[in-house]
Amino acid sequence: MSLSLYNTLTRKKEEFQPVHAPQVGVYLCGPTVYSEAHLGNARGPVVFDVLTRYLRHLGYQVRYVRNITDVGHLESDADTGEDKMEKAARAARIEPMQVAQHFANRYRQHMLALGCLPPDIEPQASGHITEQIGMIAEIIANGFAYEVNGSVYFDVPKYDEAHRYGRLSNRGIEDQLGGTRDTLAGQDEKRSPLDFALWKKAAPEHIMRWPSPWSEGFPGWHLECSAMSRKYLGTLSDIHGGGLDLMFPHHECEIAQCQASNTGTDESRVWMHNNMITVNGTKMSKSLGNFVLLGDMFKGPAGPLVQGYSPMVVRFFLMQAHYRSPVDVSDDALQAARKGYRKLMNGLRLLDKLAPTSEGADLPGDADLRKLTADLYTGLDDDLNTARSIASLFNLLRKFNTLATTPAALADVSAAALGEAVAAYRTLVADILGLQDEPRANAEQLLALTLSFYSEAKAEKAYDKVDVIRAALKGQGIVIKDTKAGVEWAYSEE
Ligand SMILES: [Zn+2]
């Protein structure tokens, strides 16, 4: 089976075909770095991290671009209000670039903790003003933008006549005109309320400003992604991703800018959107105030959560659902994720000990084992369904447990089939889903010592001590197992 992905632009699942195989260009709209990232901000990066890891596993040469928005993102999508960066800088009495650097650093730390590999290119909007000015000039020359008082606006109705605006979000401009109109300052410069800013003339108090042919000012938010995607991924990238909330207006405007400039394409062949994180069914967002900051969540308690959850548990939690479904956050859901994550990690530990006992090839148990192994990628191939692939991992793990505890079953599988299954499990868990064992400081030595005390107490039949040690370790999430080979431990799956 081959990889198919749901394309928002065509509203169907399509077999993935790179524009220039084996190269694949992936662009993910990154954070606006004016505050700490919350859980909702982490879903896209985790989803697209799994996607790029899987594409690499399939043999593609992936260039993964995830930008940093450090300019041009106004508080309202209607091109008015204060720049988010400047507002945060003013509040903290520091340079806007200091705000950007601080939160970009924090963001990178959190993403690394969550197991997201760093992007190949992480362009910043403020470092690509020249490219953005160039693109505006093209759009004006092509007749799809106009200048008023030093600001430049994209002419949506004119564009719509030639290209139909709203193809991505599947809405016509009549619908949009019927919506609530924004009457905030600056709107009177626009010929149509649908028009959006490509360049804004800076007010005297505005700190972040650059010279341009039109005025000292700054680019509109939507422009940076079009300009940077073209610069690093060419006129047509393979996959452009982001949260569902970016589909309109941000991504719709990106497509319009590319079509109206000399790029002349939809910017990307496949447009993918991950769904939102919800709290009690309501979207988690800064503006609603129901967010859980990642830094707080790793320590806990945070917001509606009574305890902390490690980054790997959070990553597993985000992958437990298909990316196009909403995910509701709660202690119950995260505790279930922790259990699932630990189960997979225990699986890795089990594999270290699972050695074939039969010499032959094509043994009776091979077919079943190979079927379970082949099923591991069925989910990922079907529009990156991580939930399905995780379920397949648990099915295979159940088989491994049987093999580990039933000598007759182990004797029934060949070294080749077992080797393939073990390798596939490891690859999917560690390399593609990106789940790693979380470090325990000196934990191995401490555990070995405690287990030696346990063995001594048992030999002396000091059962009160035995119980104390068992309970103490249980409190740390560890269970002791008395096996024929001696005393062993495992993570508690409760
Ligand atoms: Zn973007």
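Keep in mind that glycine also has a Cβ here, set from the backbone N, Cα and C atoms.
With a 10 A radius on its CB, Glu254 (Zn(2+) binding site) counts 27 other CB atoms from all the protein chains. Secondary structure at Glu254 (Zn(2+) binding site), as computed by DSSP, is helix. Annotated Zn(2+) binding site per TrEMBL: Cys29, Cys225, His250, Glu254, in sequence order.
Residues of the same chain lying 6 or more positions beyond the ends of the motif ''HIGH' region' (31-41) and with a Cβ under 8 Å from any Cβ of it are 68-70, 73, 84-85, 87-88, 99-100, 102-104, 106-107, 110, 243, 276-277, 283-286, 291-295, 297, 314, 329. Annotated motif ''HIGH' region' per TrEMBL: 31-41, in sequence order.
Taken from TrEMBL, the feature motif ''KMSKS' region' applies to 283-287. Sorting the motif ''KMSKS' region' (283-287) by DSSP state (H, G, I as helix; E, B as strand; all else coil) yields 0 helix, 1 strand, 4 coil.
A 10 Å cutoff on Cβ-Cβ distances gives Lys286 (ATP binding site) a total of 15 other Cβ atoms nearby, all chains included. Taken from TrEMBL, the feature ATP binding site covers Lys286.
For the domain 'Cysteinyl-tRNA synthetase class Ia DALR' (375-447), the model's pLDDT averages out at 94. Annotated domain 'Cysteinyl-tRNA synthetase class Ia DALR' per TrEMBL: 375-447, in sequence order.
Other residues of the chain with a Cβ within 8 Å of the Cβ centroid of Cys29, Cys225, His250, Glu254, the Zn(2+) site, are His222, Glu224, Ser226, His240, Gly242, Leu246, His251, Cys253. For the binding-site residues given as Cys29, Cys225, the lowest number of other CB atoms within 10 Å of the residue's CB is seen at Cys29. According to DSSP, the domain 'Cysteinyl-tRNA synthetase class Ia DALR' (375-447) comprises 55 helix, 1 strand, 17 coil. With helix defined as DSSP H, G or I and strand as E or B, the motif ''HIGH' region' (31-41) counts 3 helix, 2 strand, 6 coil. If you take the C-beta of His250 (Zn(2+) binding site) and look for same-chain residues 6 or more apart in sequence within under 8 angstroms, you find Cys29, Trp221, His222, Cys225, Gly242. Among residues of the same chain six or more beyond the motif ''KMSKS' region' (283-287), those with a C-beta under 8 A of the stretch's C-beta atoms are 35, 38-40, 245, 276-277, 329.
Glu254 (Zn(2+) binding site) sits 24 Å from Lys286 (ATP binding site), counting Cα to Cα.
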